[in-house]
């Protein structure tokens, strides 16, 4: 299919104009190289913070959670700046350059001896290792700041910018081309992850951090350069300040008209709407917001000037469809809040030091698998499940559920939360067994003979949580919100992951301090055998179970999905689902 579409596009002359398929190699290579660098850094960086900066596992994990939160919140202003002011090309270019600068700071922290504390063996005698000073942390924080700025530019805009390259194709052909493009884009992320957790992590573990950080730095340089080299081939749409204007107008009108009286029945009122719009009366959901578009509370007074309760100045009003946009955004927020837990399952930071304390040898030659490489089972499970779902799983489920998708979007989100909770429980069971075996053998953390491949179940369950939950969340927001709010729907996902990272950091801090009071050994002690990381995982599993009950209530309160109204898209007059 891909070759036929390319051949068809070439025959139509689309390769001669700007955009189209010839622009994609520069965009996708930018994304692949950026992801390889980012994944390779994020997965194994807790080891760098622990061994080179002498941060405890608890402090290092908390720092990475905070960095992850900032990086996930950054796409929100990035999307707004791109869509309202600068356009996607400039924002992606700035983001790529910022990522490269951030990687340079982290690489220099490994190259310059004075940029980190004096060398010390954190495994043998952590109490003798000097903690990092303010000047040492400055290098790290500078790198993290630039990388977060880069994430704010690349994450929300890269995929959409690639889709922009087909905006001049005929509508019927464009939908087929975009399906191929999205498959290739997601496939590139999978390839990038595999390379990152194998090649990059292996280099870091075996050639040292000077080389290990130089590799992703060079990849980011190539990423930025490849994107900028294709500048002359791109279709570059300018930003439009109309983004979020509808929601803003609805909020302002609702506040201005908050004292207006609503009719007993919604259909009794008269409401401001676009010319020839199918939606002339707002829905009964969140009725108090109907004041924002109400001209009169009686049909007899259609002019809006015959009663004290009428709103005669239509300049104070917004349209019915703008009110429904605001309602749709408000209605999804409870379900959004329940998806924050997914970040806990996806960020398996403590699994890396767990793998360090386990037997990682494979084969007759005793090859040691790098501890960060086990994260490949996360992406492998997600990729396999996602690839099999449409072809085999969905048809089988369809016969059981009667749903054309196999599972509803809320069922997929709920499944993701269940698998995320199961991942935490599996991690607790494995860690308890690892600790019991290590202490039973009378050795330290490095004396455990338990195979590190026992970590595979928790990684696989985390992959299923991502395959069900994250993809379900994307589909839910994209379907239940109007298409004019597509950028907002993606921003909601990053907001959930960012909030989840902040919550994860807070949980680590509270657990570390509370469990270590009174001279007791903290659950998250530097020595895994002295600590009780299994208790920490059980706590997360318990919170996940409570969160799932909360999600069930949110899903019940939301009602049936797909029960959307139609309105005219302000500007083109086409019907939009919201």
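For all residues, glycine too, the Cβ spot is worked out from N, Cα and C.
For the transmembrane segment (60-82), same-chain residues at least 6 beyond its ends with a Cβ under 8 Å from one of its own Cβ atoms are 42, 45-46, 49-50, 53, 88, 90-92, 95, 144, 147-149, 151-153, 155-157, 239, 243-244, 343, 347, 349-350, 487-488, 490-491, 494-495, 497-502, 504-505, 508-509, 512, 524. Residues annotated as transmembrane segment in TrEMBL: 60-82 (among others).
Taken from TrEMBL, the feature transmembrane segment covers 89-112 (among others).
The transmembrane segment annotation in TrEMBL covers 137-163 (among others).
Here TrEMBL flags 184-203 (among others) as transmembrane segment.
Annotation comment: TrEMBL describes 209-235 (among others) as transmembrane segment.
Packing against the transmembrane segment (413-433) from elsewhere in the chain are residues 335, 338-339, 341-342, 344-346, 348, 351, 354, 407, 450, 454-455, 457-459, 461-462, 464-470, 472-473, 476, 528, 533-535, 537-538, 540-541, 544-545, 547-548, 551-552, 555: each is 6 or more residues past its ends and has a CB under 8 Å from a CB in it. If you look up TrEMBL, you'll see 413-433 (among others) marked as transmembrane segment.
Residues annotated as transmembrane segment in TrEMBL: 453-478 (among others). Long-range neighbours of the transmembrane segment (453-478) within the same chain, counting only residues 6 or more positions beyond its ends whose Cβ lies under 8 Å from a Cβ of the stretch, are 332, 335-336, 339, 342, 345-346, 348, 351, 354-355, 358, 374-375, 377-382, 385-386, 389, 409-413, 415-417, 419-420, 422-424, 426-427, 430, 433-434, 486, 489-490, 492-493, 496, 561.
Among the features that TrEMBL reports, transmembrane segment is placed at 490-511 (among others).
Beyond the ends of the transmembrane segment (535-553), by six or more residues, the same chain brings 335, 338-341, 344-345, 350, 413-414, 417-418, 420-422, 424-425, 427-428, 431, 507, 511, 515, 523-524 to within a C-beta distance below 8 angstroms of the stretch. Residues or ranges marked as transmembrane segment in TrEMBL: 535-553 (among others).
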Chain residues outside the transmembrane segment (209-235) and at least six past its termini with a C-beta under 8 angstroms from it: 18-19, 22-23, 25-27, 29-34, 36-38, 40-41, 44, 48, 52, 89, 92-93, 96-97, 99-100, 103-104, 106-107, 109-111, 161, 164-165, 167-168, 200, 203
